[in-house]
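Structure record follows, encoded as structure tokens.
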Amino acid sequence: MAAGPLVSTPAVAGTGIGGGRGVLTVAVGVGLLALLTVASVFIGSGDIPVADVWAALQQDSGRSTDLIVRQFRIPRTLLAIVVGIALGLAGAIIQPLTRNPLADPGILGVNAGAYAAVVGAAAILGSSMTTVLVGFAMIGALVAAVIVYGVGTTGPAGGTPTRLVLTGVALGAVLTGISFAVTLVKPEVFDRVRFWSAGSLQGRQFDTLWAVLPFIVLGTIIALLLPRALNALSLGEDLAVSLGSRPGTTKLAGVLAVTLLCGAATAAAGPIAFVGLMVPHVLRAIVGPDQRWIIPLSLLAAPVLLLTADILGRVVVSAELPVGVVTAFLGAPVLIALTRRKGVRGL
């Protein structure tokens, strides 16, 4: 009975912040998420009057504006929220799991596995259908995660965060090289996957959302069960065991959650960088390192960031910027600032 409080107390006590700021952050996050959700439906690259958007939300009268709002803007908005949740939670888990404050969800090779599978589907099957690419991307992500976890946790020394990360980076480099080689040899394959590979929500409809939603829901459930175990793991495996935690089970559950979340997000929208990296850092600066706050707050903060990036991508240029490009523009300065602040010790 006493193990629960002991697991999380050190993480909170060392910062002097948490509850009060956490409640305020939740309130602000809910407000911003609601505001951006409405804005995402009403704002687009096409100039549709507010009255027409509102009429389309009321009923489908068969007009072209109704089709745009109902079949494109609404599913795109919902997918941005779901993908944001997935990337935010994956980042919130992977950083304490690998004990690397600059870890990104793609560090386990999940993104590279998804990309390689999509390229393979486009090259072998000649398919560019979104639902087909989503299915293959999810399979590729799962296979890559199984390989990384299998190789990274076997051997006489057992699994360590460093070994897991190095295995993921190595596999990711190999798969990325193979994928680029295929696209260079077959330009038509590159044409089929280029917009997906940039990380984009454009053109996604409800079929894409329904295809990835079960994986994200399952990953979210697992993630919400992990905060106390991750707090214990951050104290070191020996101390975590003495507190009644099971580091091996925590690592396996964490890798499974990251794979489901990041794999589904990548399958739906392509590789979107920096969301899983930035969100946990911002939240950690606000509420401290307690995962009981960081993981639930990621459910709000990450969709806010992704919706903001997607809306900016629609209005900055007429042709629309992929959301992955916008998050890269937003995330690169943050990453530079983090490396300067943390120094070599944080890497």
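The first residue you see is number 1, and the count goes up from there.
Glycine too: its Cβ is placed from the backbone N, Cα and C atoms.
Marked as transmembrane segment by TrEMBL: 23-43 (among others). Here the transmembrane segment (23-43) has Cβ contacts under 8 Å with residues 50, 53, 57, 69, 73-74, 76-77, 80-81, 283, 286-287, 296-297, 300-301, 303-304, 307-308, 310-311, 314-315 of the same chain, all six or more residues outside its ends.
Marked as transmembrane segment by TrEMBL: 77-94 (among others). Long-range Cβ contacts of the transmembrane segment (77-94) within its own chain (Cβ-Cβ under 8 Å, at least 6 residues beyond either end) map to 33, 37, 40-41, 100, 103-105, 107-108, 201, 204, 208-209, 212-213, 216, 219-220, 223, 226, 230, 254, 257-258, 261-262, 264-265, 268-269, 272, 275-280, 283, 291, 294-295, 298-299, 301-307, 310, 323.
Feature annotation from TrEMBL assigns transmembrane segment to 106-125 (among others).
What TrEMBL records for 132-152 (among others) is transmembrane segment.
The list of residues near the transmembrane segment (164-185) in space but at least 6 beyond its ends in sequence, with Cβ under 8 angstroms from a Cβ of it, reads 98, 100, 103, 106-109, 111-113, 115-116, 119-120, 123, 144, 147-149, 151-153, 193, 251, 255. What TrEMBL lists as transmembrane segment is 164-185 (among others).
Taken from TrEMBL, the feature transmembrane segment covers 206-226 (among others).
Within the same chain, residues 79, 82-84, 86-95, 97, 101-106, 108, 110-111, 113-115, 133-135, 137-138, 140-142, 145, 148-149, 164, 195-201, 204, 208-209, 211-212, 215-216, 218-220, 222-223, 225-226, 229-230, 294, 298, 301-302, 305-306, 322-324, 327-328, 330-332, 334-335, 338 sit at least 6 positions outside the transmembrane segment (252-281) and bring their C-beta atoms closer than 8 Å to a C-beta of that stretch. The transmembrane segment feature in TrEMBL is assigned to 252-281 (among others).
Tertiary neighbourhood of the transmembrane segment (293-313): same-chain residues 18, 22, 25-26, 29-30, 32-33, 36-37, 39-40, 43, 76-77, 80-85, 87-89, 91-93, 201, 220, 223-224, 226-227, 230, 272, 275-276, 278-280, 282-284, 287, 320-323, 325-327, 330, selected by CB-CB distance under 8 Å and a gap of 6+ residues from either end. As annotated by TrEMBL, transmembrane segment applies to 293-313 (among others).
According to TrEMBL, the transmembrane segment annotation covers 319-338 (among others).
Outside the transmembrane segment (206-226), and at least 6 residues removed from its termini, the chain residues within Cβ reach (under 8 Å) are 71, 75, 78-79, 82, 85-86, 89-90, 92-93, 130-131, 134-135, 138, 250, 253-254, 256-261, 263-265, 267-268, 291, 295-296, 299.
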